[in-house]
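Read through the structure below, which is laid out as structure tokens, and then see the notes.
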Amino acid sequence: MNSQFAGLTREACVALLASYPLSVGILAGQWIALHRYLQQLEALNQPLLHLDLMDGQFCPQFTVGPWAVGQLPQTFIKDVHLMVADQWAAAQACVKAGAHCITLQAEGDIHLHHTLSWLGQQTVPVIDGEMPVIRGISLCPATPLDVIIPILSDVEVIQLLAVNPGYGSKMRSSDLYERVAQLLCLLGDKREGKIIVIDGSLTQDQLPSLIAQGIDRVVSGSALFRDDRLVENTRSWRAMFKVAGDTTFLPSTA
């Protein structure tokens, strides 16, 4: 599924990634069924897998380390979100493990520019070649948006969290929509070439408003695996974007 990224420039990779509006939080499923999930997602032409790497220090939870990235099939695009105390070390390990997209937390590193600059020089394998590492920055609900201004030229993805990492306290929908509007206003003409992502316990009811605002992608985990209906739920979520006119990525059965 990721062979189409082989040999593309960073700008071309970003444009292609922007046509995939769903990243599946694969760790939210039952791990014993992981092989089945991956087969189902591949059959659905769903290439983006989202992995939350938590170390129990940046936030209370502990999930997996960079080693897990390398255990997933190379055919997928591995979309890694770092919520760790040492983002520099984790970023290096994730590149070595084959992560295609790496998103850092704005609150988690005093040397963000250094880490992002280094990531901008890295490439990782895809089927039939390599692609540049795509860089992201993520913000907790209470983090001022303007912290991203100094690093805008060093990121391709801007991710807004709708929950506080590890605690589960969600933003009200109205506050989330207002935050998206504020981000778009802040970006202005610098919006071009950026993928805007919303992550954190979203519901389908929120999607129409977010899509109408112009976001590019959502991350969903538990909602997709609910009732052991990954295929049906994935199709249903993607269909929300299909209504909005973005049908590039959809298989004919969706």
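Cβ coordinates are placed from backbone N, Cα and C, and glycine is handled just like the others.
Residues HIS50, ASP52, ASP199 are recorded by Swiss-Prot as divalent metal cation binders, and the candidate that the same record lists for that site, out of HIS35, HIS81, is HIS81. In the three-state DSSP classification, TYR167 (substrate binding site) falls within coil. Calculated from their C-alpha atoms, the gap between GLY221 (substrate binding site) and HIS50 (divalent metal cation binding site) amounts to 8 Å. Under DSSP, HIS50 (divalent metal cation binding site) is assigned to a strand (E or B) in the three-state scheme. Non-local neighbourhood of ASP199 (divalent metal cation binding site): HIS50, HIS81, SER138, GLN159, LEU160, LEU161, ALA162, VAL218, VAL219, each in the same chain, at least six residues away, with C-beta under 8 Å from its C-beta. Comparing CA positions across the binding-site residues TYR167, SER169, GLY200, the one lying closest to ASP52 (divalent metal cation binding site) turns out to be GLY200. DSSP classifies HIS81 (divalent metal cation binding site) as strand under the three-state reduction.
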